[in-house]
Ligand SMILES: CN1c2c(nc(N)[nH]c2=O)NC[C@@H]1CNc1ccc(C(=O)N[C@@H](CCC(=O)N[C@@H](CCC(=O)N[C@@H](CCC(=O)O)C(=O)O)C(=O)O)C(=O)O)cc1
Ligand SMILES: N[C@@H](CCS)C(=O)O
Ligand SMILES: [Zn+2]
């Protein structure tokens, strides 16, 4: 019989219960017991609803109050010294690592966050050194297995494998030079031995061990480590299903197939082409193959006929008992349920599947492959056939004007009129900014009042005119604030935006958006990715009136603010029927028109944010060049339609530039701002080493934490930056936008930032 499996489930709860509970706990409005109870309720609902949908292998242990990697760090005692001895309870140490803490005499910054592979989810980076004393503080996988059992659901615990855990870690402060976390694998392994022995003793039949780094090129060099880990763990553990996702195994499959594992999961949504090679590799073994045919990363209804064909290929080679039908990855990256969407049309609803609907999908596909004649299964197959046919019919239509415009893009459209050196002079005269210009990344605090006003507008409780007036007032407050504290290049603060991507999705043709389709980005922060359903175009200006209004009330230069094409694409649910390149170019043309309109409206600096350009980089190196070509071209297409005097900015809130440096240079933005406050100066040395030639604002403080950076801290940072970068190129700004921050810390931090720039002007004249 073919079994069905879900690899992981969204944590937020259908009504954002977990976000609300966690934030209430932080605000002191909920006790730890109440928080634990809220979590228990959401977990129970998830387990039972997946069970009700007929799924055989239900995940547990992957739930998290903040981040699952952070859960592993806390469980394994991978707790940096700066969080120890502060008098905090274990849960507050946990949250302090995630988001920093500045209260009651405690002042610790957050741990670094990084993107989870090529997704918009962020994990908290574990910090490891030779000194780390690994021990099992608690066995979360076991606790949640038992919690589910008590709720009447037998689950398959999920853990992150030891090799991936260490490869995703970084060297802790104080580790010896050149220290590689993977070098302490033998010290970490006993923790996994205890964890897995305890699971087995509790009667757990099989365990899902995630080793996502197996889809990376770098895993090829880790064969020895994989062999040693899994030879140690297999005899003492429940049956191990080694789980990979987001890309293909390529040649790594040859050593993986020799590991003593009971099962192997592969992602056939992202990498359908690997099926044959993997089947051939596992065929001589007893390994069960888990086929990730239901996308964990997108929201389109699965084509059952295609999935059944794939499943049948595996069954023909391996037999039904060696095949599992699964989601391609955890469903963490999809919203909870389509049932919460009340405003989508019936036609649109029929295109999509969210997490709960995907649970039904794996169950139906597995049942069909097991030969079920159940009326519910045959009915679901028939209904799916009709839905897919309707969607294909819709996909066969296109917007010819947009398609023709993309086809007629010329190389000249990608280039500015003059090279950077010339533009810099023209812009210096035009904008008249001081040395070390201070600016921010765009958003100012999205206060409760702003969100409530938008919610009232949505419910019809205020008129569009009232809402617009409210937004204008917010803009004025932000402008006056910036003038008062002495910032140089102002922003309007983005109060009109619910989110930097959703806002544009809502104004562009070709998108649909949702009411409640929240997906976790980090900690308690969630986004509602808009869905690209057809060719994209711009019916009219999207930001011009807000930026022009902001410029009209100040003499200081105002920076226009847009989200770039690659980022809109990456943070939306894209179409699956046309290439990402085509979608990105369509977005770029729409944004190009907006940029040109902003310049016409008297805006002299425009920032086109591309924080997702690195994240979109394919996981396999051999795919990089093709991606970088269209990604960079898209950005250039969106920004190059202006005169030399328009200063273009771009922003990247990550610090992993090593792999894409030449592409960042090729973007040819006049100014870039990058995340730099939590990375050491190695990052800036990279820029220096490659001879980055345009202007740059490395973030001088971390905005992800409510902590206020001291003014000396900012001066020290600027000093280190000026030791490396030419002073004529340096801008002074935070790491990212301020939307998640409160006004109090925003004001204090920016006052210190301006003081830092003033100090630099006095000392680096
Ligand atoms: C810069 N980042 C972004 C990423 N991805 C994006 N799509 N957008 C980004 O900005 N990725 C990387 C980084 C870091 N990520 C984030 C992600 C999310 C937030 C954030 O602040 N999220 C908010 C939700 C934002 C939003 O959509 N707001 C809406 C709805 C607000 C709401 O909940 N309204 C209430 C009613 C109002 C009330 O009574 O308070 C409701 O509907 O019930 C809006 O403003 O209209 C979050 O809260 O999680 C930040 C950084
Ligand atoms: N302009 C956006 C960029 C975030 S990455 C903001 O300031 O929020
Ligand atoms: Zn950012």
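Note that Cβ sites are derived from N, Cα and C of the backbone, with glycine treated the same way.
Because TrEMBL annotations are produced automatically, they should be read as predictions rather than curated entries.
Model, not experiment: these values are computed from the prediction.
These features come from TrEMBL:
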- 4-311: domain 'Cobalamin-independent methionine synthase MetE N-terminal' (DOMAIN)
- 19, 120, 571: 5-methyltetrahydropteroyltri-L-glutamate binding site (BINDING)
- 436-757: domain 'Cobalamin-independent methionine synthase MetE C-terminal/archaeal' (DOMAIN)
- 441, 442, 443, 494, 609: L-methionine binding site (BINDING)
- 441, 442, 443, 609: L-homocysteine binding site (BINDING)
- 651, 653, 675, 736: Zn(2+) binding site (BINDING)
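On the structure: features taken from TrEMBL.
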{"residue": "120", "record": "5-methyltetrahydropteroyltri-L-glutamate binding site", "DSSP (3 states)": "coil"}
{"residue": "441", "record": "L-methionine binding site", "DSSP (3 states)": "coil"}
{"residue": "494", "record": "L-methionine binding site", "DSSP (3 states)": "coil"}
{"residue": "571", "record": "5-methyltetrahydropteroyltri-L-glutamate binding site", "DSSP (3 states)": "coil"}
{"residue": "609", "record": "L-methionine binding site", "DSSP (3 states)": "strand"}
{"residue": "651", "record": "Zn(2+) binding site", "DSSP (3 states)": "strand"}
{"residue": "675", "record": "Zn(2+) binding site", "DSSP (3 states)": "coil"}
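Looking only at the domain 'Cobalamin-independent methionine synthase MetE C-terminal/archaeal' (436-757), the predicted model's pLDDT averages out at 96. Each residue in 441, 611, 652, 654, 673, 674, 699, 735, 737 lies on the same chain as 651, 653, 675, 736 and has a C-beta within 8 Å of the C-beta centroid of that Zn(2+) site, without being one of the site residues. Ranked by CA distance from residue 736 (Zn(2+) binding site), the binding-site residues 19, 120, 443, 571 have 443 at the top as the closest. DSSP assigns residue 19 (5-methyltetrahydropteroyltri-L-glutamate binding site) to a helix in the three-state reduction. Counting in whole angstrom, residue 120 (5-methyltetrahydropteroyltri-L-glutamate binding site) lies 16 from residue 675 (Zn(2+) binding site) by their C-alpha atoms. Under the DSSP three-state reduction, residue 736 (Zn(2+) binding site) is assigned to coil, being neither helix nor strand. Cα spacing between residue 571 (5-methyltetrahydropteroyltri-L-glutamate binding site) and residue 609 (L-methionine binding site): 12 Å, rounded to the nearest whole number. A Cα-Cα distance of 5 Å separates residue 609 (L-methionine binding site) from residue 651 (Zn(2+) binding site).
In this structure the residues listed as binding L-methionine are 441, 442, 443, 494, 609; their two most distant Cα atoms lie 13 Å apart.
The Cβ of residue 441 (L-methionine binding site) lies under 8 Å from the Cβ of 491, 607, 609, 651, 653, 673, 703, 733, 734, 735, 736, 737, 738, each on the same chain and at least six residues away in sequence.
Sequence-distant contacts of residue 494 (L-methionine binding site), defined by Cβ-Cβ distance under 8 angstroms and a gap of at least six in the same chain, are 442, 443, 444, 500, 561, 737, 739. In this structure, the CA atom of residue 19 (5-methyltetrahydropteroyltri-L-glutamate binding site) is 26 Å away from the CA atom of residue 675 (Zn(2+) binding site). Among the residues the record lists as binding 5-methyltetrahydropteroyltri-L-glutamate, namely 19, 120, 571, the two farthest apart have Cα atoms separated by 20 Å. Only 441, 443, 609, of the binding-site residues 441, 443, 571, 609, 675, place a Cβ under 6 Å from an atom of ligand 2. Proximity to ligand 3 (Cβ under 6 Å from any of its atoms) holds for these binding-site residues out of 442, 494, 571, 736: 736. For ligand 1, the binding-site residues lying close by, meaning a CB under 6 A from one of its atoms, are 120, 571; the full candidate list was 120, 441, 494, 571, 651.
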